[in-house]
């Protein structure tokens, strides 16, 4: 706001006058500050060039701030209406006023853009939309953005021009004014702390600055400043326009000024209002479509570089070269053409595909409905509604806008967008009402103007297959309705989006195809040439010379060609296809019927489309409405006919509504309420409206008089009834014109064709003929042609319809809070930065802007009934909230006002109303109320949460007690059941185990004999059946008993000899087991005893008889080791029951006989040697001979038997000494025997090596 030029609110002008007002808007206009406030109204000048803007950021900024907290903008006014609807639940209406070319259409687009994005930004900032229209002064910034719309002569509006606020300005000193001011503050006008300045500097980085009001005279300054600073906004990075968003081309040399404002990097095209709104949406949607876009870029590079960044170039064949050059220069100075459609949203919804090339074949239906329907399934209802609203505006602009002499994108119809908004601020439905479509433009196009955009788009943009199916040619000059007009290159691109917008709106493929068929039929009907002929009876008739056109048109209509010819050349023709039905018409009448049919067909198609759009956008519930009214602007042409008369009458009625409800009613209210008031003079155009629409004597009533059958009689009748009226003038006695002094200017109207245009009725037989069409759309356009339909009353005339529609419109606006946007055209040449002082002064005067400024300056901006004011703001005071018992409502209102941190002078209490002077005070009052509501909401939430939590706690506690009790009961029962079950299980287990053990024992005992292997009586057998684990001890005992029993059986089976041998074996085991290494070898060999069969030797028998040694226990040839050398000497050893005998083995001569009782010890080594030493007692024999050393393989048997013999002889066992060293007595000396282990294996073992060394004898085994 510090950089605002001049005064941003005209109410704050120091020396208020018309000159200062115009000078202020002039100074601002030169710096591209095209918006200026008058209180809560907006004055908008058409800049005629692109102004840099960041639409999404502005929507967010203006949506979060009050109207006076940001620089003047149309968004501020729209947000005021939007917030008033939300906060006060009061229907709103935004009215756009201004003459043709002032920028109403583009302002309307910006308002629609704001309303379709403000709530979307707060709820889902990244939600994509499908299609957004883009203004003439803006450039695309999305990833796949828009083509440009047609610009009006004034760039079609002041909208889309958000001003670059980067220029410095000289602040105007503040002066004392009678109302509370909100001036554009300068550094010298504020008392700020250093911290606030630093914080403000950081916020100034945004292109759109936030207003810092001077709240020093308020007690609420801290609250408001805190509230205003509670929202932070961030700008989005600049993108390229729709043409170059997929190409990386250096910036164009011809557009440096646009590049400086962050426009397209290639062409410098600045950002548009709807393009900015899609920045966030593009980021999410382009992730999934990058691959497709790259493919598209490679396949269709031409489409990505084709657009409408070029200036509007119009050339007429009837103009001279200087005129063409002058027109060219005029258009070059004006803005570039506004794109008809926002390409981004539609291309998003249908797969981000570029427009199809002209040679690419396609079906008549523009797009597969499946693609968009699939996309729509992922949209929320509010998102779907926003898309459809934008698409509706897109297609209606194609159908209802045209290029005129004063406006390149003039709306040739009035429209009322009634948006239904719920309590949350979301749009729930939209109802579109259109007024006074200029259908005469279909057949009567002024030189230098164009027909409706849709015709040129269809011819240039449709592919060859579609044109072929519609029987159309691409050349515009081939169609009479478009002759002497020029098609533009951007029409080709715009058709692609026109076609797709229908699919987004939910129309089926058949309906879309039928729409293009009807448009093609209108073009082809205009080519019908009627040639006059003279019949035989002398009457004049006609026939169609170009029959091929008739046949193609009949094919498009699915109608018989003869029926079409009859309805155009024969009056009162029936529905028959015969050629001689009905009376013939002359060529002039046939051409008139053809033109009427073209106008009717197109206008009814337009109405049908509006109805279809309303069906798709209608709301299922009643909500509050915010209406947007974009009506015709005041028009004064060189030749003014009935169309200009109707347009200017509409402008008169709308201006009269403004005068009545703003300038007159406000002042009358001040007087009724007893306020001190000095009347402000203004021009009241009520007399002009009465001149036109007065019952019986108004011009509209006179036109409808039935006895008037010519334009001359009509002019005479008008002059008779209106003569003497101060606003009616005649043009002369011979002139077929009359003049009306309108509120804007004096207009000269030509009476020519007034009656014809007023009663532009289509004959019923034509409707009946077209009702025979097989196209359902055509049948619905001509319901009166249905033969089953009963005849209705006579159709009303155009003048009656105009008056009725305006009365209905004003009745809607009357009951709503109105917000005005005054669009001003700065010059007639459509040049930027040119300010025609006289032209602007004229507009300021007829718009009654100066009375409005004075009213806002000295009056009150807001008033409310006592009851409503008290009930709305009583929550701001603790004494009045929630109930006031201190007196009347006026006392309560006074109490509320006194306790507010606002100047009391801002409020005036009237007899029935409370008045507030400043809009800023109203804003602060609403802010306090909003904060208080937040506090109360928190309080209610706290109490409710406490109540809810308490109830929940009580329920939970009671439930816990019940659950705990039930659980404890259940647990006790379960424990009892568990214990009982465990006891039962234990008892069952014991019983089962007992029986099982008994069974196993029985089975084991009974099956032991069966499981024992055969031949088990041997004591050596260790086999025994496996027993269960619990019978292990019993099994061991049984096994031991069984083993003893086997041993007993085994022993019982022996004879005495076997018993002796067993006794010997047992004795050997006792002596040598685990003591002598060679014992194991002897276990398996039975002790034979007599190895040499000595018992049978006769010689032995003689010898033993002498010695009494008859019984031989052992006899074998062994080796006797020599005591001196240790050599082995073979000798026969005989062991009898009483003695040990050594005999010669040949002669059996006894060499030594040792009684058994003389041997007391036997010594052996523990090794595998077979050496044994028999120690003899120290008797005479012993001392003489000493001990014996033997070596034999039966050493174990000899020692064992010797042991038994000695034990039997002496009664005690001899000593068995087993050691590696022991002593032996060799007569007179004692020798130590030492056994050493040689380490050789058993297999390699030979006889031990015996060595005598003195008194040691070493034996190596």
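Glycine is no exception: its Cβ is also placed from the backbone N, Cα and C atoms.
Just so you know, TrEMBL annotations are computer predictions that nobody has curated.
Listed in TrEMBL:
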DOMAIN    5-930  domain 'Myosin motor'
BINDING   98, 99, 100, 101, 102, 103, 104, 105  ATP binding site
REGION    125-149  region 'Disordered'
COMPBIAS  125-141  compositional bias 'Polar residues'
REGION    172-204  region 'Disordered'
COMPBIAS  178-191  compositional bias 'Low complexity'
COMPBIAS  192-204  compositional bias 'Basic and acidic residues'
REGION    278-331  region 'Disordered'
COMPBIAS  288-300  compositional bias 'Polar residues'
COMPBIAS  307-320  compositional bias 'Polar residues'
REGION    348-382  region 'Disordered'
COMPBIAS  361-373  compositional bias 'Low complexity'
REGION    806-828  region 'Actin-binding'
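Between the binding-site residues 98, 101, 103, 103 has the most other Cβ atoms inside 10 Å of its own Cβ, all protein chains included. Mean pLDDT across the domain 'Myosin motor' (5-930) comes to 75 in this model. Residue counts for the region 'Actin-binding' (806-828) by DSSP state, with H, G and I taken as helix and E and B as strand, are 9 helix, 8 strand, 6 coil. Highest Cβ count within 10 Å among the binding-site residues 100, 105: 105. Neighbour counts of Cβ atoms within 10 Å were compared for the binding-site residues 99, 102, and the top value is held by 102. Here the Cβ of residue 104 (ATP binding site) has 33 other Cβ atoms within 10 Å, regardless of which shown protein chain they belong to.
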